[in-house]
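Working notes, structure below.
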Amino acid sequence: DCFYEGYVEGFPISLVALSTCSGLSGILQLANASYGIKPLEAAAGYQHVVYPVWNENVESRLFIENSSLVRTGEGSRKLEDAVANKQAVSRSPRYLEMHAVLDKALYDYMGADKDAVTAKTVELFSYVNSMFARLNLTVVLSSLEFWTEKNKIPTTGDAEELLQRFLQWKNVHRVLRLQDITFLFVYREQSRYVGASSARKLCLRNHAGGVALYRRAMTLEAFAVVVARLLGLSLGMAYDDPGSCRCAGAACVMQASSLHSAGVKAFSSCSVRDFQRFLAAGEGQCLLNRPAMDAAYKAPVCGNKVVEPGEACDCGSAEECRRDPCCTIGCKMRRGVQCLSGPCCRKCQFVKRGTLCRSSSEDECELKEYCNGTSGECTPDLWVMDGHPCSRNTAFCYQGVCQTADKQCQKVFGQGAKNGPLACYEEINSQRDRMGHCGSDRHGYQRCAWKDLRCGKLVCEYRGSKPFTKEKAAVIYTRAQNTLCVTLDYMKPPTERDPMLVNDGTVCDDHKICLNQRCVPAAVLNYNCEMKTKCHNHGVCNNQGSCHCHPGWKPPTCQEKAGAMGGSGSSPSRDDVGSEGSTKLWLLLTFCLFVLVAVGLILMALRRSSPRR
């Protein structure tokens, strides 16, 4: 253990990541400046050199599998296909276990010495970990592989092609299967792109992977930002818009400027919100397991605030532990403690079964969740099954949202806005440019087929008497059949998702919905809930296929009357509450009867033993 992280005293916005393995080496990041430190070779004594770190100012892009993870301005935030904020990032630590592979070119560039390359790679991950600290997430380099003789796959081509090639190789040849994600680090003399990753697929073992390109003259700090951004994409984060996302550092990790910016890098409020939604949707389950560390490699250290093997908790210093109501100095739970953190944990105890832990939004396709009384965490996030009719049978639920074009228009243009007529869509989306299209990729904009016109760019009726000026975007007006319609152009390149595209799940024709900018039969959602027979008209089917009962009805079939709260089996019923109350009452009566009998026996014994007159 010779790697340390911390901050510069007196500078709250700062970061230090140092290694003391062979002298001091590492990086010091202040608000807007970065400095490196390393031993001065061929010098007498223990002399070191401190030098400013300048990252190359070259515009670079990342390839990602799913371009829908691009956030472009406030308008884009309004149009996200996501539910409202769920739960805060948990106090419980999470771990991302990673297997890293270095191709031969990078291995040679870093010195062609296993010890030296290992030290640099571990130093790289200490930088990466410093950026994920705010998320209470530790990136664990669980294994490292060097291609010292020759590459096991061709490393030519663009990053996206290389990623697919690497995933195929990984799934066929991997031996170690304990990691959450595997990355390939490749050296390139020049490259327009710096990486690719499988977006939102971290816990899908066959798809979890990434490729990071280490360009000539790139600093280790800049490469750490590349790795952090690629991991961010896998964790459900979108790229940041500088105008609407804020962070405490000199640059936000998911902004393009972070790659060539000096100073502290931090995830923005937008990235934190994306990560919260990723966890709330149950897509981060693989982050909950603690890494199985070899004791010879890393022994647990009680007092470092990291819960390691053999520790029930870790409250830090002796002073911090004295104030901690749940954890002791010896990294043990205090007597009677049931939990440490979570929405269903209060004062180190599980909250009562049936306590609301995740309230639904105003959307009718969201469902409430309750504590089960045996865990500090909330039950898995649930929503109404995709394809369930909503909005008075004019729309369908999709991923917890009742998707309607009217709602999308109102989010952008305000109350009273509504979806435009087909004539307006035909006028706008018959084009094949930034003004109207059905999606885009790096090859350009896609033309809308006539049947897909309502799945391209969102077009709304405009009823305002003044020009629309609330968004930083070009406003496009068109008049068709005496209706003034409007849409927006955020002036983004074709490689970035247009935030004005119609949301997936939106109705585009009778019994048809938009999916990937195509109008397809709603049957693709595989809605198979017969509420009358399965839930007896007293509940709805959730995304797990079980009944979520209306208040007053008991799961799992919603056929019997129950308590005041519905649920899919995790909510209490009056039967449960009544049973619990009856048990307590019988225990109390039994105790009282026992006391009366005992008192009577004592009195009888005293009477018999008393002397007779």
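In case you wondered, yes, glycine gets a Cβ from its N, Cα and C as well.
Note: TrEMBL annotation is automatic and uncurated.
Feature annotation from TrEMBL assigns domain 'Peptidase M12B' to 94-291.
Look at C247 (disulfide bond): DSSP puts it in coil. Listed in sequence order, V253, A266, F267, S268, S269, S271 are the same-chain residues at least 6 apart in sequence whose CB falls under 8 Å from the CB of C247 (disulfide bond). According to TrEMBL, the disulfide bond annotation covers C247-C252 (among others).
Annotated domain 'Disintegrin' per TrEMBL: 299-386, in sequence order. Taking H, G and I as helix, E and B as strand and the rest as coil, DSSP gives the domain 'Disintegrin' (299-386) the counts 6 helix, 14 strand, 68 coil.
Taken through DSSP, the domain 'EGF-like' (525-559) splits into 5 helix, 9 strand, 21 coil. What TrEMBL lists as domain 'EGF-like' is 525-559.
The disulfide bond annotation in TrEMBL covers C549-C558 (among others).
TrEMBL lists 585-606 with the feature transmembrane segment.
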Quick one: Cα separation, C549 (disulfide bond) versus C252 (disulfide bond), in Å? 43
Summarise the model confidence on the domain 'EGF-like' (525-559) as a single mean pLDDT, whole number. 87
Distance between C252 (disulfide bond) and C558 (disulfide bond) at the Cα atoms, whole Å? 48
Within 10 A of the CB of C252 (disulfide bond), the number of other CB atoms across every chain shown is 25
Just how many other Cβ atoms lie inside 10 Å of the Cβ on C549 (disulfide bond)? 28
Per DSSP, three-state class assigned to C252 (disulfide bond): strand
